[in-house]
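First up is the structure itself, then whatever we jot down about it.
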Amino acid sequence: MEVLKRGLVLLMVFMVFQRGEGQLFENFYRGTCPNLEMIVKQVVSIKFSQTFVTIPATLRLFFHDCFVEGCDASVMIASPNGDAEKDAQDNLSLAGDGFDTVIKAKQAVEIQCAGIVSCADILALAARDVVVLAGGPSWEVELGRRDGLVSQASKVAGNLPDPEFNLVQLNTIFAKNNLTQFDMIALSGAHTLGFSHCNRFSNRLYSFSSSSVVDPSLDPNYAQQLMQACPQNVDPSIAINMDPETPRTFDNVYYQNLVSGKGLFTSDEVLFSDPASQPTVRDFASNPGNFNGAFITAMRKLGRVGVKTGNEGEIRTDCTKFNS
């Protein structure tokens with residue numbers, strides 16, 4: 001009997017260490033949908049073969065979802081009234097390919113495991129898979145999220161980082177989600193992929209301050225490149241790569257760019273110009289292994305933000321609609 005008790009205690013301790021916040025744990029669907037990760041990976045790979053935008057779009061979608069109402073796929077909801085999370089001003093630039101990736105993966109999962117896997121978990125898996133497809137590191141994704149029951153555009157403002165934020169503002173908004181400055185700098189490395197519309201940084205080129213029209217922290221040659229790509233009054237749909245060196249590879253070149261004055265946003269360049277964050281940027285710029293390790297840790301922590309379990313959420317049949 002004593003041996004049995006000790007065995008149960010050990011099992012419970014093991015389960016605690018396996019679980020994340022909100023009762024998440026790896027292999028959550030081992031018994032109910034054993035092929036889940038393979039199905040999602042296959043769909044993501046097919047979507048990637050159709051368009052590279054799949055990669056930055058899916059990664060950014062995960063971040064925007066988790067920072068508003070937690071990682072609960074509330075960003076996926078489509079409202080006929082145009083008042084869901086995705087309709088908020090800060091989310092209008094989310095590329096449709098990210099949404100499409102999750103929708104297609106959910107449809108494929110439903111064929112084998114109907115009503116079992118949440119859209120929130122599928123988005124978390126897809127975010128990991130796109131990083132790997134871009135040459136980045138892999139990690140075990142904690143699972144067990146439920147899909148949220150609320151999606152309101154009004155809840156978005158003030159909950160996402162702004163491209164003009166300074167270090168204190170960045171740290172404040174990340175701390176609200178239990179993420180440290182170190183996590184924030186690591187997650188900013190996702191800017192090694194993807195693109196931005198000109199209006200998100202044009203003030204750095206044409207109206208920075210009364211003493212300097214162009215942001216003096218920008219490398220002059222890079223500033224010229226940006227001006228050629230984004231002349232004043234440019235078509236707002238024009239977008240440029242956030243990493244001018246290796247825009248299709250998940251690597252640490254983003255940090256090397258910051259050291260060279262080639263951070264696209266003020267919120268990128270401040271990571272290097274502020275003495276409080278500069279040592280971490282220099283470390284990541286020189287040591288890709290350190291960056292990859294920090295990014296994995298930060299992504300796992302991000303995936304635990306505001307998680308719903310049990311009756312706090314549902315398992316949506318269609319990621320774009322609440323069940324009832």
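Every residue number used here counts from 1 along the chain in the order it is shown.
Backbone N, Cα and C atoms are what each Cβ position is placed from, and that goes for glycine too.
Automatic, uncurated: that is what TrEMBL annotation is.
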- Please work out, from what TrEMBL records, which of CYS71, CYS113, CYS119 forms the disulfide with CYS319. CYS119
- Task: Have a look at the disulfide-bonded residues (CYS33, CYS198) and report the one with the fewest Cβ neighbours inside 10 Å.
- Result: CYS33
- Message: At a 10 A cut-off on CB-CB distances, which of the binding-site residues ASP243, ASP251 has the highest count?
- Response: ASP243
- Within 8 Å of the Cβ centroid of THR192, ASP243, THR246, ASP251, the other same-chain residues by Cβ around the recorded Ca(2+) 2 site are LEU193, GLU245, PRO247, ARG248, THR249, PHE250, ASN252, VAL253, TYR254, ASN257
- Query: Which of the recorded positions CYS71, CYS113, CYS230, THR246 has its Cα closest in space to the Cα of GLU85 (Ca(2+) 1 binding site)?
  - Reply: CYS71
- Note on the structure: CB contacts under 8 angstroms to CYS319 (disulfide bond), restricted to the same chain and 6+ apart in sequence, sorted by sequence, are ALA73, MET76, VAL102, ILE103, LYS106, CYS119, ILE122, ASP147
- Query: To test your reading of the Ca(2+) 1 site: which residues beyond ASP65, VAL68, GLY70, ASP72, SER74, GLU85, same chain only, put their Cβ within 8 Å of the Cβ centroid of those residues?
  - Reply: HIS64, CYS66, PHE67, GLU69, CYS71, ALA73, VAL75, GLY148, SER151, GLY306
- Message: Can you tell me which of the disulfide-bonded residues CYS33, CYS66, CYS71, CYS113 is spatially closest to THR246 (Ca(2+) 2 binding site)? Compare CA atoms only.
- Response: CYS66
